[in-house]
Amino acid sequence: MAPDSDVHTLGTRVWVKDEVESWKKGDVLKLDGENLVITIDGGKQIICKAEDAPIQNPDTRGGVEDMTRLPYLHEPGVLWNLRSRYLFDDIYTYTGTILIAVNPFANLQHLYGPHMMDQYRGADLGELSPHVYAIADSAYRQMRKEKKGQSILVSGESGAGKTETSKLLMKYLAYMGGYSESGDQKKGSGRSVEEQVLESNPLLEAFGNAKTVRNDNSSRFGKYVEINFSSKGVISGAAIRTYLLERSRVVSVNNPERNYHIFYQVCDGASSEEKSRWQLSAAKEYHYLNQSTCFTLPGVDNAKEFRATVYAMSAVGIPGQDQEAVFRVVSAILSLGNIAFGPGQDEESSVVLPGPPSEYARITAELLGVDKGGLVKALTTRTRQTPDGPIVSPLDAKAALENRDSLAKILYSKMFDWLVARINNAIGEDKKCAASIGVLDIYGFESFAVNDFEQLCINLANEKLQQHFNQHVFKMEQAEYEREKIDWSYIKFVDNQDVLDLLEGKMGILDLLDEQCRFPTSTPSDLANKLFTSGICKDSKRFSKPKRSVTAFSIDHYAGDVTYETTNFLDKNKDFVVAEHQNLLTSSSLPFVKALFYDPENDAGVDAKSGKGLKAFKFNSVGSQFKKQLAELMAQLHTMEPHYIRCIKPNTLNQPGNFENKNVLHQLRCGGVLEAVRISCAGFPSKRPFADFVDHFWTLAPTLIHSDLDDREISRKILDKAGFTGYQVGETKVFLRAGQMALLDKQRTDNLNAAATIMQKYARGFLARRCFAAARRSVLLLQAAVRGFFVRMEFKRARELRGALTIQRYWRGYKARSDYKKAYRLVLQIQSMWRGRTARHRFEHMRRLHAVVVIQTAFRVWKARRRFQRQREAAILMQCMFRSKDAKRELRRLRAEAREGTKLLEDKKALEAKVVELLGTLETVQNQRNELRQQLKDEKVSNQDLDRRLKELEASNALLLAEAAKASVEELVAERTSREQFEKESADLTVQLRDLTERAGKEKAESDRKLDSAKDYIARMQNERSDIDKRFHAMKDDLLTRLQNACSQRDEARAQVLELQAEMEKVKEQLTVKERQLMVASASAAAAALTPAAAAAASHAAPVANGSPAAGLDPSLLTPLVQKGAGYARALSEGIMLGFGGAAATPPAGIRTGEDIGRSPALGAPGGPETEAERKMRELQAKQAQMLQDKRKAEEERLLAALSGNLGFHRGRPLAAIIIFRCCLQWRAFQADRTSLFDRIIGVIGSQIEKQQDDNAFLSYWLTNTVTLLHLLQKNIKPASGSQSGKRPVGAATAARGVFGTLFGTRSPNAPAHNEASIHGGAAGGFKPVEAKYPALLFKQQLDAFVQKIFPMMRDNVKKQITPMLANCIMTPKGTTRARSGSADQQSAQIAISKSWGEILGVMESLLGILREANVPKPLVQALFKQLFSFVNVNLFNQLLLRRECCSFSNGEHVRTGLAQVEQWIQATGAEYVGESWEELRFIRQAVQFLVIGNKQKRTLDEITSDLCPVLSVQQLYRISTMYWDDRYNTETVSSEVLSRMKQQMTDVNSTGSHSFLLDDDATLPFAASDVLSTLDDKDLNMGVPIPEALREGDYAFLEKELKISQAA
């Protein structure tokens, strides 16, 4: 290995030590043997040795995320990297698998929350930017994978952020393990385990945290939280263990620190009632609190914190009674501290001082539930057990105070332990868990001016953890070496076992301390002498004795020397319960206090073996307990896989943005980070991937770059050419020994300098030649300029002479033209004035003439209008009276017809005649059916007569109006013809006109009065007419409805009669009974044409024999036929009932009622048996009904079987949707109150979708079918109205609305009211919307749910396909930035770039083809592509912000190239299918534009936010700016001023906007029903469709018929 001076050269950038900043940057100015002359900031020169000037790493603004990637891994490199990242708010940094967290002392909410948890979930460690979530996720996934426990060790000094980091870890673990795979929470006390674990934090902080000099919320105890997980990765339990609570803080507080938070919370937060109950005073009045002047913390409300503590106690399951007891004990401790003592009767005794101390003694005793005298005695005396009996010795005032403080400490300690135990009991530890994760939040290494016993224990724990840490780091190094298959057998491991032996070994410091504590009279000097004379201490190189103190000793820890003062060691190590205190508190009247001091082993107060009384106290040292707990903790940690987080406090002022190098460096030493660096340096500190190594050092062997060798061989040859030995070449990296990287850099620098010298030589020669040529060109140019000057002067004189002549000529011409123009303007002005005067005179004459004509016209018009208005008013009055009278007459006639049923009586008489004809033979039945057809036509004609009469009435009204208008016109013509005669006779009639005028005035007054009364009457008549019109139209609509229903039922009956003709021919010979029996048989045969609902109703009635005579027929059996039967059956039934001569409700004598029929087995005459014909007819009817039911069931089965396959499309329309709709319409399923058809269809569709949920082609087919079917239902059915709608469940009227919610709403009041009709029933004008019952409406909702289900399934399928491809799209392939133009690697990298984006576009193109083939509506296609490109935008943008290697210049060009391909594809596809998808990529487009833009240093913030990246937030711009690095041209990011302004804006909007800089993937449905339905039309939906092969065997001929839609309102 070459000496250190060989790695330096002129201009090398190095680090030099500094007393203030620890390290400073400098440049090598001169090499002086083994020394270096270095210039530092400000031009100052210093001389230092080469080994004291480590080389700087390449300047990367913002640092590196993993410090193991630093070329030079040393102390200043680590420090400066942390500083660089901290100034850009990158507070997390990796050192291998170790996370270093620097406390920002600011609220960086954008780094935390569910959005960040989603990003880090499942990501490999190092894949994204360093984060505490990454460590937690790595531990969780490793636990799930290996089924082995994991531990996360969080350490750091007070104020470094350990507690907050532990909270974040537990929140993430709760986030990952809070719910089972089915989404069910763990059942228990009503709160999940993870909630109770998280909510225990504020409770432990209140009782275990306090303000120190360095931290306002410092944990004064160690905490280990073990979270148990089940085999499914769900949190199943947890346990909390605490270590070394700082009990001395309860009784002694240094200024300006504070006691534990709970004391201040109780004093300030308790209500007046609680303060009275607990006898509390202000915090300033308590001795244990007023030792410091700090009672409140900035930004912290003690009262609010108290309520949070009470809530936390309730959350973890502590009942109110126990909460009351806890706060009583807290108040008792405060009052206990105010008990003061004075000298007693003798010098060695003491008493409680009178006044306030005595009162506080009473309060304390009352709060603890003990006697005041017993409390005072326990504090002022000490009982010692001797063989002769107990001896009570008084205590002096000082000893009493110590005894008081001892009671306060042990009382608080036991209460704290009780709280921890209750929390564990409430949470519940799962002993049978599959694995667990432990989070250790423990104090860091401490070294103060005066170090006490607590510091010794804390540093012992850190030594143990450091040994564990060193072993882990060495293990990780070893694992990497083995993974890379290199030789590492000669690497030595640095261990600190000697320090641990010194502290906790046999007869070590802790054992000697315990031994010395057993002597009551021991002093700190005795302890120090014991240590100084101990063999293990004297022989240890780590132990030393300070020169200026006799009670102190020093230990050389891994983080440096620490001097401990033994003054308080003996007192603080004693952890015993004084017998008086034990006896006093176990006799308390409060169960809580009694339970705190209950000792089950010594409950009787007598030794179980000797039978003697207990000693005054039971000795138990704090050191031995802590050593035991530490051993148990380390034993548990050794069984787990460790993960380390080192928390760093950047400054002592707790200010954001302030990084104190010296303070941080000290913490790096204490945290073991530099120790890990030393371990790494012992092996191969420089590890570079082959690609990076070749990219950096290719200049050492430039010829190899263009060879066909791979990077591994090129790296080996570069090292061989450099003459190195001892390096190792692994599978993916080059491993260099310490110093080899510096030598390589020096050779690289020398090569670059030599190349620069050659380039300078040629450049200088070129510049000299260019300067000579320029001088020669200048001389020639000067000569030519002088000669040209004289020629130009001569030419100028000649041009001036010629110009003077030209000016004179032009001036004379101008003068002549000016005179001429002036005279011409004067002439024109005179002419204009004369012509204007003449025109104005002419215009005035015309205006007067026109005014005369207008006056005459107005008078004549007024006169004619007055005459016309009078005539029109009279005509209108007559018309209104006539129409009103006619409307009343029509209303009375319609009411009479509706009330008396005149029309029905006529029909009944006609039907009677037909019934008489049916008494003959079945041929007569056929004739009557024809007559019924004719009768229906007559009814239609009668309805047409009604329409004709209405039209005639309207025509008569129009005729009256026309006649009145014609009369008015004739009068006007006559007036016009007689106007001249009136003018002639005007002189004669002047006198008559005056008389007429007076008479007209009187008549006008009378006519005005009559006119007003007529207007009122007309208004009343018009109102009555409007009401009559409304009722008339309503009755008309009702008649039309009945007519249409009759037509539809006639068609059904006709079809059924045709089917039954064959059967009727067979039984024709048996019909030999009387005419009445034939009539009944005919009616019964027609009853088979009932609808399924009427048949089901009839099936529940009593059996009916079809051969009984009419005299024995019950009319109640015919009532359902009349009400619900088809047209033919209803006509026959009405005819039979007419034979009774009245309504069916009152049958004539001799006719039995329904009750009689129910009691009789036959329908014949009373007591008559059922004839053979009747029985056969009944059996025939049953067979016919069963045949119809079986046929319908078979048709449904064929339909469902056909739906299981792909029925395809017809003219771009989905056959499945059309067939389902036509079948449901044909089978009248929409009007059925109960049917299973819809549920079976939904079941078939749902099962098909579940089977093929990963096939987008299949999903597209059903998406088109469901949307089309919804469109058909929307257009052609409506909710049922009237009495039938009341049969729906209550919830049907308020059905939940989905994405197609408008499909289920009721129609608007302006929508036309349609009536139901059967399919293809065009006799009444075509098919009209059907009134659907509740099952049909529910069918709509289920179809809507399928749309909401299928669309996300298709979207998620595509997301699964393109997600692996996006990883290659955001990262530049290795080797693309290397300067190897034309090489195969570069070509393959470019191919990889195109391939990655090409695969994604291939998926999009394939999807588009599938959607086109399935005829998916275009709004759905646009919405799908919009969400997919939004997913691409979110994924790429978030990866860009979370991975620093993505924020490079070359990576920006790589992504921009891919986005250009996407833009070309979108433009080629067209907005018809992809819509505004290009806009969904705006975030990644602008981010990439920012990466590749030039001159970032010159860009202002306004320019960036307004022009370059208007959609990006300040948080996002700041993140990109701080993570940017130029791997091609080494340009810088934006200026420091811009970064400062960004940071300021982030601070200003911190409380208003979202804190996250990541984008969220929107999973909602991005389309509305109106958008989809507006693109769907009825073209080809109502045409006949071909019958599929699967349905050809059934009766599906109606599918080939066109569905005619009625346009009538």
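Backbone N, Cα and C atoms are what each Cβ position is placed from, and that goes for glycine too.
Bear in mind that TrEMBL entries carry predicted annotations, made automatically and left uncurated.
Matching 991-1013, 1152-1174 against TrEMBL, the residues noted as region 'Disordered' span 1152-1174. Among the ranges 630-652, 722-744, 1504-1526, the stretch that TrEMBL annotates as region 'Actin-binding' is 630-652. Applying an 8 A CB threshold to same-chain residues 6+ apart, the list for G156 (ATP binding site) reads A101, K162, G444, R646, C647, I648, K649, Q667, G671.
With the fewest other Cβ atoms inside 10 Å of its Cβ, the least crowded of the binding-site residues S158, T163 in this structure is S158. Shown for the domain 'Myosin N-terminal SH3-like' (9-58): DSSP residue counts in helix, strand and coil, namely 3 helix, 29 strand, 18 coil. Just so you know, the Cβ of A160 (ATP binding site) picks up 25 other Cβ atoms within 10 Å once every protein chain is counted. Neighbour count (other Cβ atoms within 10 Å of the Cβ, all protein chains): 22 for G159 (ATP binding site).
Note: G161 (ATP binding site) has non-local neighbours A101, N103, C647, K649, i.e. same-chain residues 6+ apart with C-beta under 8 A of its own C-beta. The Cβ centroid of G156, E157, S158, G159, A160, G161, K162, T163 marks the ATP site; residues of that chain outside this set whose Cβ lies within 8 Å of it are N103, N215, S218, G444, C647, K649, given in sequence order. For the region 'Actin-binding' (630-652), the number of residues in each DSSP class (helix H, G, I; strand E, B; coil) is 9 helix, 8 strand, 6 coil.
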